[in-house]
Every structure is written in structure tokens, then in C-alpha cells.
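Undergrad: I have a structure here, written as C-alpha cells, and I will follow up with some questions on it.
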Amino acid sequence: KGTIHLFRKSQRSLVGKLTHEFRLVAADRRSWKILLFGAINLICIGLLLMWCSSTNSIALTAYTYLTIFDLFSLITCLISYWVMMKKPSPVYSFGFERFEVLAVFASTVLAQLGALFILKESAERFLEQPEIHTGRLLVGTFVALFFNLFTMLSIKNKPFAYVSEAASTSWLQEHVADLSRSICGIIPGLSSIFLPRMNPFVLIDIAGALALCITYMLIEINNYFAVDTASAIAIALMTFGTMYPMSVYSGKVLLQTTPPHVIGQLDKLLREVSTLDGVLEVRNEHFWTLGFGTLAGSVHVRIRRDANEQMVLAHVTNRLYTLVSTLTVQIFKDDWIRPALSSVPIANNILNLPDHHIVPMPSLKAADNLNPVTSTPAKPSSPPPEFSFNTPGKNVSPVILLNTQTKPYGLGFNHGSAPYSSVLNQGLGIPGMGAAQGFRTGFANVPSRYGTNAHSQPRP
């Protein structure tokens, strides 16, 4: 007998979760076609691997890896359908679009790893070249070519279609494009097929099949078995060169970098936002590709104190939403003040006290809630300003120094030296009246002698 938990949620295992999501995708009739092609793909892969073993051809093995890549592309297409069915959750607030980006990245990287494995096996075969049997070599080539082309042209794979157009061209596409321009110069009607650039997946399927056909003919005519290894290296290099630009593009999307082709448009929109009424500054802007064709971003906008937050937010969102579909805007008002200036100690060699008399004057009475510099209400709880300068002379309360040669008659001032500690406690002085009064501030009457040397001579 165990304890019965009425409101306890059942915990599913990983296999149970994957089965539940697979049933969700299989419920859509659009995915039935993909599942059918996936089943046929598995049968073709099994047949091709058996023929690779019977013919002992590594070139056919390298071409079979393209069929395995087609299986990865079908899985990516299923993931794309699953992403369209799922809605954003608290854990995945931006949705599940990055899963298809991760699927494309993983598929292209696995294809490149297969190409590296072929290169390694080919290097070993150059040392000891085995005999190649051509009985099923040509049959396997045409079976793989037909199925690859039929899969690529029948299934509309949205993620790979976007990546093949957005990523940079491979070296194989560039060479074929140069050749196509020469052919189209002779036959202009072929420009719609060969230009501006061919589909990289169709191109690599045709190029690999052509390499296998050349291999079959050379082996049948001259028993030149080393051409099989050379064809395997050529197919591996073409695979690596085709998949590498797609891996780089999808990897940059996963790293949340800003797409290069939208940087100019974003700069233009940010300049327009900075000129809106009430906007003082646009800062901390960050834009990245959330998924294929989806741009996300966040930005901080500083506005005036008297500006309407909702109005500014609506205008900023309206400007940026034309390019950024998922946008986060943080509005904050300009609310900083200059703090009260505090007194700092003066160095001992600034004033020579025996040569000057200090006149104590009563300080002016100011309101407790006023700033002595700006005479504006101060907020003790507000943060410090963004810029504060410790300018000498502003952080010290002014004092009035009296020249020892003149005596102000009739003013009732007490003469004599005062202790140095009272210098910082003096307030603002009220200068006296008279034509011959020698009143100076503490910094205006600083003597030119700051100290004496060992020979009691004044230093300049």
C-alpha cells in the first residue's frame, strides 16, 4: 500500500516526451509525405551500403553519405512543422524557432564530419589500393542520384531553402556560375536555369554522379583503380565546401549576431527614432536573428521628464516593428540632478598663514532643502549624476583674506591670526565698503611663495 497523491503531476521520461511530440507532428497530414520519404530513404541507404561493401568503392560510399544527409534534411523539415505547431511558453518565451536553426547546423556539421572521414580513408587507400568491382557501381550511382533529386525537388524544405539562399556561395557554385555565364552567352535561353546560381544540393548531387560515371569508365577501360580514391576525395571536398557556408551562417544565428544585410536599415531606423519628439537618447541597442527570417531586438530609450511614455513607446515600436518582429523597448525618463558640493581638505603648502590675516565673517543662511550651488530642491535618494567634476576651487567654502598693510577703520573687525582649522569653517563673507580696502578671496590672494628650500630661498 502506498500513499495516494491526488494533485501530483505525472513525470514523463525522455522517451515518453519524444513520443508525445512525434504524435503531435504525425497528426498533421503534411508530415505524412515526409514520413513516407523518410522510410524510402532508409531503404535506399541500406541498399547503397550493401553495394558499397560488395563493390569495395569508397567513392560510392562518399556519394551514399549525401543520401544520409537527405535523411537529416527530412528530419529538419519535420522539426520545422513541429515549430509551427508549438506556441511560446514561459521557458521558451521567444518560441521554438531556434530548434530548426540548431537542426540545420547539426546536419551540415555531420555532413562535414562524414567528408573528413572519407578523406582519412582515401589517404589510407593511396598507400594500398584495393581492387574495385564495377558490377553494381553504376546502378548504385543512378539509384542515389534519382532519389536525391526526387527528394530535393518534391519536399519543400523551408529551413534549408532559406539557408541556401542567405549563406555565401561555395567554391563549387562560383566555378559553375563562371561556366554558366559562358554557356548562357552562347545559348541565352539557359539563363533561367543556370543563373544567378544553382541550388547547391542539386549541384553536388549532379557533380558527384558525374565523378562516379568517370570512375566507372576508367576502371572498365584501363583497370585504373586509383581513380576511385580520387573521385572519393573530390566528392568529399565538394561536400565540405558546400556545407561549410551553411554551417557558418546557422552558427552565427545561434550566436545571436546581427545579420550584416540589415545593419544599414537598423542604423537608419535608430536615427529616425532618436529624432522623435521627447526622445533624448537611444542606448543599449541589440538586434539578433531569432530564427530564419525572424529578427529580435531590445533597446533602451531615454526621454524628457515632460514626455508621454506611452506615446513615445508607440512611436518607437511603430518605427522598428517594420524590421524587428520581436521587440523589447524600455522607456525611462531623464531624472538626474547635480548633488551638493562637499568640502575637501587643502594641502598644507597652499597658504602661508603667518603672512595673511583671516577675517571671520558670518555665513549666509540658506534653506535646508536647497542646493547651495543650483538653488534647486535636492533629492537625497536620487542617484549620482552621470558626470561630476572635482574642479579645484569649487569644493572649498570661500574665505576673505585681509592684506596686513591696510586696516579697515570703522568696521569693527578683529585683527590677528586665526587657527588654520577655522579656514574650512568660514561661510560666505560680505565685503566691506571703502576705496582702499584690500579684500581678496582665499584663492585669489594665494602668495607666490609655496615653501622654502634648504637655503631659505623662496622657490618660484
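Cβ atoms are placed via backbone N, Cα and C, with glycine included.
Per TrEMBL, the features are:
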| type | residues | note |
| --- | --- | --- |
| DOMAIN | 35-255 | domain 'Cation efflux protein transmembrane' |
| REGION | 371-391 | region 'Disordered' |
| TRANSMEM | 32-51 | transmembrane segment |
| TRANSMEM | 63-84 | transmembrane segment |
| TRANSMEM | 96-117 | transmembrane segment |
| TRANSMEM | 137-155 | transmembrane segment |
| TRANSMEM | 201-219 | transmembrane segment |
| TRANSMEM | 225-244 | transmembrane segment |
Undergrad: As a test: from 32-51, 63-84, 137-155, 201-219, 225-244, pick the stretch that has the greatest number of Cβ pairs under 8 Å with the transmembrane segment (96-117).
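TA: Per the Cβ under 8 Å count, 63-84.
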Undergrad: For the transmembrane segment (137-155), give me same-chain residues lying six or more residues beyond its boundaries with a C-beta closer than 8 angstroms to one of its C-beta atoms, as numbers and ranges.
TA: 33-34, 37, 40-41, 44, 47-48, 51-52, 55, 57, 60, 63-64, 66-67, 70, 73-74, 77, 199, 201-202, 205-206, 208-209, 212-213, 215-216, 219
Undergrad: Residues sitting near the transmembrane segment (63-84): Cβ under 8 Å, six or more positions beyond its termini, same chain?
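TA: That would be 21, 24-25, 28, 30-31, 34-35, 37-38, 41-42, 44-45, 48-49, 52, 95-97, 99-100, 103-104, 106-107, 110-111, 114-115, 118, 140-141, 144, 147-148, 151-152, 155-160, 204-205, 208-209, 212, 235, 239, 291.
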